[in-house]
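Residues annotated as transmembrane segment in TrEMBL: 22-43, 50-67, 73-92, 113-132, 152-172, 226-245, 252-275, 357-379, 391-412, 501-521.
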Amino acid sequence: MDRKAAKEAFVSGLSGAPASEVFALVGTLSLLVVICEGVKALARSHGRRLGLVLELGIVVGMHLLLATEALPLWPIFSTCMVVASSFLMIAARGGLPPPAGATVEALAGPRKSFLSVFRGALLCATCVAILAVDFRAFPRRYAKAESYGTGYMDVGVGGVVFAAGLVSRTALPPAEGGAPWPPPPLRQRLVSALRGSAACWALALVRLVSTRAVDYQVPVGEYGTHWNFFATIAVVAAVAGVVAVPPDRLLTAAISATLLHQAALSYGGLGAWAVSPERGPDLASLNKEGLASAAGFVALHLWGQALGALLHASLQQPAAVIREAAARGSAGVKAHGRQGEARAGAWSVAYGAVLSWALRLAASNAVLWAAVAMWTAAGERVSRRTCNAPYILWIAAQCHAAILPLALWQAVLTAARALQAVGDKQAAGAVQVAAAAGRGKAEVAEAATQESTQGSTGAGDAVGPRVLLAINRNPLPVFLAANLLTGAVNLRIDTMQVSDWPARAIVGAYMALVCGAALALESRGWRLRL
């Protein structure tokens with residue numbers, strides 16, 4: 001067997017890992033982000049350079065070691081749960097200096113740092129996996145499952161599509177920069193969709209031609225003979241641009257699309273055709289995996305839009321409560337001079353709203369996991385190859401769960417920063433100025449919290465690791481660079497013959513280049529739209 005055939009066999013015929021193990025690995029990455037931000041807050045006086053080193057070590061480095069089993073997963077996951085929870089409690093008590101970007105406006109606004117961090121972390125993990133999978137240090141159970149199963153890399157495939165829906169304009173109300181409703185005419189949407197997907201179609205073609213030119217290994221069972229992930233992204237982008245869904249019907253559309261796709265798989269023969277080992281000479285049969293799963297990925301994109309809309313709508317209430325609690329607390333200090341009592345009252349109200357919101361979000365995540373369990377109990381196994389209903393719901397549940405600690409971290413820091421104004425000298429000065437100007441009580445209270453609820457929203461003040469925010473800023477260029485570097489490594493090195501620690505060193509150096517490229521683009525303010 002030649003090297004190309006051996007490498008294709010190395011990543012083929014796999015059945016994935018237990019879903020609980022994948023959950024722990026994905027969840028640990030989010031917890032590491034919280035821990036990293038907590039450590040950075042404690043070491044903030046040492047400068048941004050140390051902060052970047054901490055990000056690369058705690059987030060990227062630790063994840064690499066976990067993904068290649070250099071560290072035990074479950075003890076690390078348990079430890080991260082405890083440490084991250086401790087940092088959340090310390091931050092809530094005002095023990096950590098919140099960043100200037102942790103404002104009420106940022107939490108309630110259309111651009112939320114925690115979603116940017118999630119997308120950056122997801123792409124970072126995907127970049128690690130696409131090279132690491134070619135080494136024996138990367139467990140085979142974490143690679144993509146062939147037909148059925150829950151491999152760790154299966155999360156990256158669906159997660160990219162889901163995350164694109166999370167931050168799409170459709171997920172926002174039209175009044176806050178979302179997609180307009182009623183939508184533009186069909187012809188205008190069609191032209192816009194073709195333009196928006198053209199770059200992805202071009203990348204799909206370039207990947208096809210380049211892999212053929214250098215005789216690069218391509219497991220046909222993933223997407224087909226000519227199809228690849230860029231083609232799937234292009235289809236999703238085109239359909240999302242053409243099909244207009246009312247903002248208040250996104251969840252209904254996601255459920256309907258999922259059920260229709262599953263019906264085609266189960267009762268229309270689409271699923272049996274996609275997983276069959278037989279492959280005819282026609283283009284459709286040669287690319288049956290990519291074609292059969294395309295509608296499922298469109299449904300997954302709708303689920304991302306639905307969750308994005310839910311997150312935005314659900315955060316309005318706790319954001320308003322935080323703002324009002326801080327304002328009332330500051331006004332109470334001015335009127336009665338009881339700073340401790342005012343702070344305690346404002347703290348109770350603000351964090352009560354944050355906790356209530358987090359519990360509602362956790363409950364909605366539990367519903368998704370229950371739906372996954374119901375489908376699998378009925379005999380329908382998770383399949384990335386067909387992007388069936390259990391896979392769609394599994395990705396939605398997994399991403400939803402990964403977002404929760406990141407969202408909670410930003411909400412806690414936002415409340416902590418707003419409550420700093422209760423009774424401090426700066427807030428008191430704002431109250432006195434407002435009172436001297438003769439404004440009403442409500443305006444005086446609002447002036448007291450203006451300093452705490454407004455602040456810079458620049459990249460340096462955003463809530464989250466700078467390296468992940470930089471990756472999120474240029475996702476397609478970063479992913480393309482990672483693919484090119486992965487190809488270069490595979491063409492120069494027989495990866496299957498490399499022992500574990502040298503393999504980890506190679507992947508670590510590769511990730512340093514990927515992160516360095518993202519940071520270089522971010523530092524120059526470049527945003528390359530492919």
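For all residues, glycine too, the Cβ spot is worked out from N, Cα and C.
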Residues of the parent chain within Cβ reach of the transmembrane segment (501-521), under 8 Å, 6 or more residues beyond its termini: 52, 56, 60-61, 64-65, 68, 70, 124, 127-128, 131-132, 135-138, 466-467, 470-471, 473-474, 477-478, 481-482, 485-486, 489, 493, 495, 527-528
Interface present between the transmembrane segment (22-43) and the transmembrane segment (152-172) (three or more C-beta pairs under 8 A): yes
Selection from 22-43, 73-92, 113-132, 391-412, the stretch that has most Cβ pairs under 8 A to the transmembrane segment (50-67): 22-43
For the transmembrane segment (22-43): best-contacting stretch of 73-92, 113-132, 391-412, by Cβ pairs under 8 Å: 73-92
For the transmembrane segment (391-412), distant same-chain residues with Cβ under 8 A (at least six beyond the ends): 19, 22-23, 26-27, 29-31, 33-34, 37, 84, 88, 91-92, 102, 106-107, 112-115, 117-118, 121-122, 150, 154-155, 158-159, 162-163, 166, 258, 261, 296, 299-300, 303-304, 307, 311, 315, 318, 351, 354, 357-358, 361-362, 364-365, 368-369, 371-372, 375, 382-384, 463-464
